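Data block below; observations after.
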Amino acid sequence: MSRLETRGLVIDVPGRADGRALDLCLAPEQVWGVLGPNGAGKTTLLHTLAGLRDPRAGQVELDGQPLANLRRRRVARQLGMIFQERQDGFPATVLETALIGRHPYLSAWQMEGGDDVRLAEEALERLDVAHLKHRLVNTLSGGERQRVAIATVLTQSPQLWLADEPTNHLDLHHQTAVMALLAEQSAAGKVVLMCLHDLNLAARWCDHLLLFYPDGEACWGPASDMLVPSALERLYDQRLATAEIDGAPVFVPAR
Amino acid sequence: MVKTISTPAVPPSSVSTLASKRAWPRRLGGLVLAVVPWLTGVSHANEVCAVDDRQREVCLEAPAERIAVLSPGATELTYAAGAGDKVVAVVSYSDYPPEAKEVTSVGSHTRVDLETLVSLQPDLVVGWVTGNPAEQLETIESLGMPVFYIEPRDFEGVSTGIERLARLADTQDEGDRVAQTFRDGMSGLAARHADAATVPVFYQVWDEPLMTVNDVHLIGKVIELCGGYNVFGEQSRLVPRIDDESVLDADPEAIIAGGMGEENRDWLDHWSQYPGLTAVDRDNLFFVPPSLIQRPTPRLLEGSRILCEKLEVARARR
Amino acid sequence: MRRLTLPLALLLAASLAALALSAGVGSANLALGELWAVLGGGGDALSRTLILELRLPRSLSAFATGGLLAVAGALMQVLLRNPLADPYVLGLSGGAAVGALAAMLAGLGGMVISGSAFAGALLSTLLVFGLAHGTGSWTPSRLLLTGVVVAAGWGAVVTLMLALSPAERLPGMLYWLMGDLAYARTPMPSLLVLVLVCLLGFPLGRSLNVLARGPMQAAALGVAVRPLEWTIYITASLLTAMAVTTAGSIGFVGLVVPHMLRLVLGNDQRLILPACALAGGTLLVLADTLARTVIAPEQLPVGVITALIGVPTFLYLLYRSR
């Protein structure tokens, strides 16, 4: 069980005022959604939370310890990240790609063993890409690559999931499958935080939301408190129509 | 066996030298091993020594019988020294005397094929100080083949080069005779032109890029011998690269060109476009066969004779 | 493990075959039995000299140089996340060339040329890295661009030196620039470094695999990216400098060998690095055997042969890649 907290965190978006400092507390069994228009700094926030980028002010703490003081290897055993953009400069198979999720757990001289391969294959199976395991990643479709990337983090099996647009490129069925996977992780005591473009996915699957405005202003809290049409309309600068289906709110852009 | 002059002379019994070589077992080539019994058994009545152009005394236990020559010029010197029938290896462009073309080649002088050289088992290698790669000559020495460096920088160097090679090959009668003929011929030319009126000369080694020689160069010395004045003699580089403008500025009275092949008029025709040049105005554009003047060999005497004649022609046209 | 050992065993066999071939073939004709006798400690004196003093040191130097260049190339490609990077691309060979030519211009030989080339390569390394680092952080594209510009600068200096050098020194300089193993007589230091870097490369291999997927991904998976990148850069520079010092600048080995191996063996650096050492060594041994025999007794610079093999191969690979 891990916990991620931020203290007076101001992310470093070049040329933008500090805005509101973030004091978040991401606890086990929570699913957080980060909503905001293009350029609000959602990806920058995720990278900062993962310790891949220095904040302008404040700090991120993993289980009470400043993230910047921890060794990357130790961090990688607890915190996994699904990137929105990936580099496939060199050819690699799907299985090899999933296996790098085991990197934080293996010593320098250790080769990936049978157990590691089994974990990777299970993850690929879970993401419905096991049949592709000997294919080269750069020959896959966008949606298949996205699922391989998620399978890599599943192989890494972190306590904290940071996901940047996890449903990118995915068809409706796989969108739902991935959201269900993340919900399942959360139910098993993990922490999940994801950036989402789809307001309705957020409304359907997230129990906490962080609304991120282009000027650096932000507000956060339980989803039920955040899903106020007026606030969302201000967030996206877009009028919305609201309905309720299966007891959950659904937002549609008004004409 | 090779020793520098500055080191104390090693006693003629070469055992001590050999022992010091044993300290380098890796460098001890098969050739040295092969001659060990012979060396230690027999006295050195036959030992021949000569000082090379790096001022090292090179001694052979017996006169050379198999000579490898690594420059076209030195090949001519070796043949002139009367040791032509002992030459077992030459390099590319060793075209004089014609017999040299029949000898096995060991590649270009810039990259010697060491394998072929070693297989020919020479007992003397004649090296070229600035022409052969120093590393290869060092390798050759480390394999037990004595290297005699030769690179005449003046007329006397040609004469003594022939004499020294003749001593190492035990062909002194022939060598000394040829060397003396050359020496006498050159001093005869010098005496004849000692008081001749000075002719400003531009000597063209190459056309693109335009290159000449300075006074230190052997050709510069031939010009001086014939009573000429090298207009680029003061340049610091041996073979300076220059342009047309500096030739126009120097305004030589005679232009002498070598050329790619024999009798290449193109280089001289180039200057005809400048009628203002004294040399062009008086038609003092001369050709001297480069093979007779660009190599430090006995043929230099004939080349010098031709060049001196050309300057006489120039004087007559005043 | 078998995934690693099988290809490496095959490559090792190929290496030994290439070395045997190069020891057996030359401008002097030696019978196979004679070669066998010499390797067994016998043989006549002439054959011993030919094989033990001339051919083997040169072949082993060629092997070490080829291996060093290919490993350096593989490392540079991971560092720059660009499969088309080359150990010379960052101005290394240019710096080494300026160092070596300066020593030749001064009329110095042997070890001084080597030392001067090494110093030049390291100077170039520090210059490129220092400039690419600048005031902010460096990116692969910035490093690449700085390297290319510095290399162009060195190229101009080399041309200037060639123009100013006396005619009799030109052939030696040109041979050096084209890459030449005629001088190589002491293969042991390079071989030792090659073995060492393959052994040390193994524990770093998986981190390199992760780094090949980008620094962000690597950091997220627990790699200390900046120290690793420094290690790769300095190691690749040292390997290249060592190779350049032995044999002048030999192109395309560092580019083509890793590229071809990746096509066949995939991109696991734990396999690719030792495979590069073996395949690069084999390639250069064969190229050098060609260089000294194809028009014997004339000797070709080995760099010409690798370029003649490398250019069409590279263009073909480039044409096939999207």
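Positions of Cβ are set from backbone N, Cα and C atoms, glycine also.
Here TrEMBL flags C:1-20 as signal peptide.
Marked as transmembrane segment by TrEMBL: C:60-80 (among others).
Summarising the annotation, TrEMBL assigns transmembrane segment to C:112-131 (among others).
Beyond the transmembrane segment (C:143-164), the same-chain residues lying 6 or more positions past its ends with a Cβ under 8 Å from any Cβ of the stretch are 79-80, 82, 85, 88-91, 93-95, 97-98, 101-102, 105, 124, 127-129, 131-132, 170, 173-174, 177. Residues annotated as transmembrane segment in TrEMBL: C:143-164 (among others).
The annotation transmembrane segment is assigned in TrEMBL to C:184-203 (among others). Cβ atoms under 8 Å from those of the transmembrane segment (C:184-203) belong to residues 57-58, 60-65, 67-68, 71, 235, 238-239, 242-243, 246-247, 269-270, 273-274, 277, 281 of the same chain, restricted to positions at least 6 beyond its ends.
Residues or ranges marked as transmembrane segment by TrEMBL: C:234-258 (among others).
The feature transmembrane segment is assigned by TrEMBL to C:270-287 (among others).
For the transmembrane segment (C:299-319), the list of distant contacts is 62, 84, 175, 177-182, 247-253, 255-256, 259-260, 263, 283-284, 287-288, 290-292: same-chain residues at least six beyond its ends, Cβ to Cβ under 8 Å. The annotation transmembrane segment is assigned in TrEMBL to C:299-319 (among others).
With Cβ pairs under 8 Å as the measure, the transmembrane segment (C:60-80) is packed most heavily against C:234-258, out of C:112-131, C:234-258, C:270-287. Under 8 Å from some Cβ of the transmembrane segment (C:270-287) lie the Cβ atoms of residues 3-4, 7-8, 11-12, 14-15, 18-19, 21-22, 59, 62-71, 73-75, 194, 197-198, 201-202, 205-206, 209, 250, 253-254, 257-258, 260-262, 302, 305-306, 309, all in the same chain and six or more residues away from its ends.
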